[in-house]
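These notes are about the structure you will find just below.
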Amino acid sequence: MEAQYRNHDGDTSFSSLRVYLNSLSDTPSRFSRRAVSVSTSYDEMSRVRAVSGEQMRRTLRWYDLIGLGIGGMIGAGVFVTTGRASRLYAGPSIVVSYAIAGLCALLSAFCYTEFAVHLPVAGGAFSYIRITFGEFPAFITGANLIMDYVLSNAAVSRGFTAYLGSAFGISTSEWRFIVSGLPNGFNEIDPIAVIVVLAVTFVICYSTRESSKVNMVLTALHIAFIVFVIVMGFSKGDVKNLTRPDNPENPSGFFPFGVSGVFNGAAMVYLSYIGYDAVSTMAEEVKDPVKDIPMGISGSVAIVIVLYCLMAISMSMLLPYDLIDAEAPYSAAFSKSEGWEWVTRVVGIGASFGILTSLIVAMLGQARYMCVIGRSRVVPIWFAKVHPKTSTPVNASAFLGIFTAVLALFTDLNVLLNLVSIGTLFVFYMVANAVIFRRYVTVGYTEPWPTLSFLCLFSITSILFTLVWQLAPSGPPKWFILGASTVTAIAIVQIFHCVVPQARIPEFWGVPLMPWTPCVSIFLNIFLLGSLDAPSYIRFGFFSGLVVLVYVFYSVHASYDAEGDGSLDFKDVESLERINRVLS
């Protein structure tokens, strides 16, 4: 068994059908050995990283990260989300919703920042969860995150066709054609979306530094168009619209839907801040991770908060909230005003730039996730290779780019959008839990059960709050349960904070107000997960089931073989001492 276990090719289990069948019979023991096996920070930055062959060049600075963060967050969706949340949930107080959502996004970004500073590798959340909870949880979350990236990128690229048509006054149908033999939802061919995806794929394969430069130019143009729309909104707007609806029978005031409306609006617009997580995957290519990563991630979120709040105020001043078009607020508002119809095309141009920037950042991120998952051997090692000339993960970039292009060619936008979001929120939830666990538990030295019990109790309390908020009818019983849940959650955090000491204090940068900051992030992500529809959970369950099958029939055996040949083993005493210095 030991001879079979050790093979320098790393694929002993797949050398023949007979050997593979024998390996399957040993799946339970291999699963128990590998599923919760944690890597170390030093291994991730040295031995595992070396699997790629070449190193990714460290060419990025803090301003590159800020540009990538802004480009990843501010896509075309902001032109729609603001109007929808204002009309349906918050009214003029949508600016408060954006501020609350932005603060919560900043708290979640802090969790990513602590990990990225102390573990500057390209794996992002996959690596963070792998060194905390083990290989199997990391693979489940990483695979779902990559699928969400691919699906959202395909949807965004098809949206580019629509906004480009709006900018030039051309109907989308003139750029797409119908194939009668294909089923509905998959029969509208979009060649422009394919061209855009393949062009972005070429750029990110060629050079990360050049990709950053392209993103900086497009982001600057996009921000210029956003500022233009904001100025137009303020100049044409009326302060009275912040408190008076068009129909006197509708609720009035700055908070027409009350506090609940503000928080419901915050839950909707929070997704507009998603994108900063992709910046963490660039950590391996940052010149000075300790200084540049905190400035890049936090700085980009702060700038986006300001832009979103200004857009929300200008939108609320432009029209009474009950006249806002939920689907195309800015375009509809300006098109109804004599002499201002041309602004509609400006919105289309700005949205087109936003789509390109979000596509560049997301495709950079998805390729680096796949690259590091390949390094861990749970997918073929081919994905881990870094090209010696470009210093980019060309194999992962090209494969995912082609896959995205195929989806964008055939699949309708609505079909894609119904499959996106839950995976990203789930990963945010896992990272917030992981940063607490890493602070309070040192494997082999600290008892993990107090921390695990705390995380479970806090999550259960947050789930109870979310279910009551979503399902219970309004009235005193609902508010009593919500209040009791809030008090219980606060008490749980305070008791944990007082009773359980931190096992590790970050040397360079750490999440402030531990454990309160990540706990707010945990609660928010559970709250947002509770607002998603049933098809989202069905998709998540179905795809997660497929991921489990892949892990059972392939990944656990490939990982087991890699452990046998020493790729994932760790026994060097000198290296152990270096780990202690890194993690102290």
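Glycine is no exception: its Cβ is also placed from the backbone N, Cα and C atoms.
Since we're looking at a predicted model, the values are computed, not measured.
In Swiss-Prot this protein carries:
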- 1-49: transit peptide (TRANSIT)
- 62-82: transmembrane segment (TRANSMEM)
- 90-110: transmembrane segment (TRANSMEM)
- 131-151: transmembrane segment (TRANSMEM)
- 185-205: transmembrane segment (TRANSMEM)
- 254-274: transmembrane segment (TRANSMEM)
- 293-313: transmembrane segment (TRANSMEM)
- 346-366: transmembrane segment (TRANSMEM)
- 417-437: transmembrane segment (TRANSMEM)
- 449-469: transmembrane segment (TRANSMEM)
- 480-500: transmembrane segment (TRANSMEM)
- 508-528: transmembrane segment (TRANSMEM)
- 540-560: transmembrane segment (TRANSMEM)
Tell me, please, if the transmembrane segment (90-110) and the transmembrane segment (346-366) are in contact, taking contact as 3+ Cβ pairs under 8 Å between residues separated by 6 or more positions?
no
So which of 131-151, 254-274, 346-366, 540-560 is most in touch with the transmembrane segment (508-528), counting Cβ pairs under 8 Å?
254-274
The transmembrane segment (449-469) touching the transmembrane segment (131-151) per 3+ Cβ pairs under 8 Å rule:
no
Per the 3+ Cβ pairs under 8 Å rule, pairs at least 6 apart in sequence, do the transmembrane segment (62-82) and the transmembrane segment (480-500) touch?
no
Outside the transmembrane segment (185-205), six or more residues from its ends: residues with CB under 8 Å to it:
153-154, 157-158, 160-161, 164, 175-179, 211, 214, 356, 359-360, 363-364, 367, 387, 390, 392, 394, 397-398, 401-402, 404-405, 408-412, 414-415
